[in-house]
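Encoded as structure tokens, the structure appears first; notes follow it.
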Ligand code: WT7
């Protein structure tokens, strides 16, 4: 590792500390274990022959229009294929087949809008809506392999759009609504999207919040590939309209035919691209394909959440703009025939009990949310959830960042009535589906640990040289064998795919996370070891924010670090060297924060911007972010002996005192 890279231990000292003292364990109750979907024997059977195990899951969980004869092909690493000669349709698997099996009247989606409007879709109704959207998109010239950019709020039309694309075999590329026009533009261009599906806007804390203007701005640049923009009317705001290009959803989709027969697509046909931050400035278009992705998302949804689709009500609070909203909102719950809740808004709108009101109203039995939300609820106080009937809850999931043991304990005790198992699920945009998590009916749970690689998944923790570390030691998290939902590459950049994930260690996938095995061999995640930050479970690149800052004429140089933050996990702290007269501008910090918001999106705005005279650099010119992180976290700066100029740290601290 280079001298300026943060180590796993440094990046999450708290987790390490807790790990040393954590010895509480929560085995499943006898009752839960007896009724669990997945029992203990699963690990042995799966790990004896992983490919065969996944082949069995693929046939049991999915309907294929053409059966496969091959499971895994790893003859050309790191490019895997799964179920290669099989064919299936993702949309058919999520919809039609449930109707054909007599479950058309089962509720697929309970939608709760932020202003309190509600809609319910049965499987039969949702199937009809998706068929209409499919016909409408096809009429606009979208066909198999075309890319469709999606810039929508968390409303049913988002799920309908994705499933319509999947039905056609068009590749969806969702851009989170919190990203800027500029971020949207670069993603539309990289994927060469033909169609954009958006909305006039959404609601945020009772106020309208617009989306369409960002699409208009993104499409002002010449040479883009977009032919049409379909606009869902959601918040009723006035929108700018480009005749011939823009179409209302209500005029195109709502009037389309409800007849559409799905055809099978090859198992390795691309299902979607989803951009995520890496260690360089340019986001990576993570590519997922159909058969393996659906197999592992469906299996993990069933196994990790102990899903009983006839009786459970599942609620994953993630936005469709993130991979969690793809795998555990759009695909797995519907493929598994489950009933789920979709909520448009924020947890505090119009009051801080909104989540618990929704749990009570829809009798949510499985809740899947993020540690940052849990820590926020803790801060708001337990008297708020205490006002609601949460007795329907029987499984609680966590995802996105390490969950500190105290948050885990609070989640179980306050939300789970001291009995619902908490499953901490580790995975990434790249892994497509959950990789490490306890099985609620099997595992004796430990607060703060994701614990065990799932059946059929080969995870390890290794040292610098790639050797497996013994129990009780820490290192880098790797995945030793290909898995069905693994990314198939980075859109348009096979070299970057190889160098990012497969070059660090021979024949192993490098996840970018630090981890530790405890005395029992359970895995504890310790945060990123690269230049990726995790703010409220959102992945942000230090380099990307630095690039945004230096693109402003007032900034000469910038360095960004993720500083530990009690609520958001990490917070973005930027150190900037200003140019010329900007030094005297009293509004410069606000200007720069807004500039980052405009370049990347509001979620990337630095919490703190510190104006400094110099940045600490090594002799080779690399910024030593480790030292800046010390300052950002209020510590004495560590060893600075490798700095090119060892007076720099004093200059910085003097300037900050001034
Ligand atoms: C990174 C991936 C997986 C969907 C949401 C995030 C961190 C994720 C956990 C967890 C500790 C976690 C990792 C990972 N992360 N889940 N349970 N415990 N860390 O997806 O945006 O691709 O981010 O999130 O650092 O590498 P993503």
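Note that the numbers count up from 1, one per residue, in the order the chain is shown.
Cβ atoms here come from the backbone N, Cα and C positions, even for glycine.
Among 413, 496, 528, the residue that TrEMBL places alongside 400, 401, 402, 424, 425, 426, 427, 428, 429, 513, 539 at the ATP binding site is 528.
Other C-beta atoms found within 10 angstroms of the C-beta of residue 207 (CoA binding site) number 11, with every protein chain shown included. Residue 536 (CoA binding site) sits 8 Å from residue 400 (ATP binding site), taking the Cα positions as reference. Residues 400, 401, 402, 424, 425, 426, 427, 428, 429, 513, 528, 539, recorded as contacting ATP, have a largest CA-CA distance of 18 Å. With the fewest other Cβ atoms inside 10 Å of its Cβ, the least crowded of the recorded positions 204, 205, 528, 622 in this structure is 205. In the three-state DSSP reading, residue 429 (ATP binding site) counts as coil.
Sequence-distant neighbours of residue 324 (CoA binding site) (same chain, six or more apart, CB under 8 Å from its CB) are 316, 318, 368, 399, 400, listed in sequence order. Among the recorded positions 324, 400, 402, 427, 429, 622, the ones whose Cβ sits under 6 Å from an atom of ligand 1 are, in sequence order, 324, 400, 402, 427, 429. In the shown protein chains, 24 other C-beta atoms lie within 10 A of the C-beta of residue 427 (ATP binding site).
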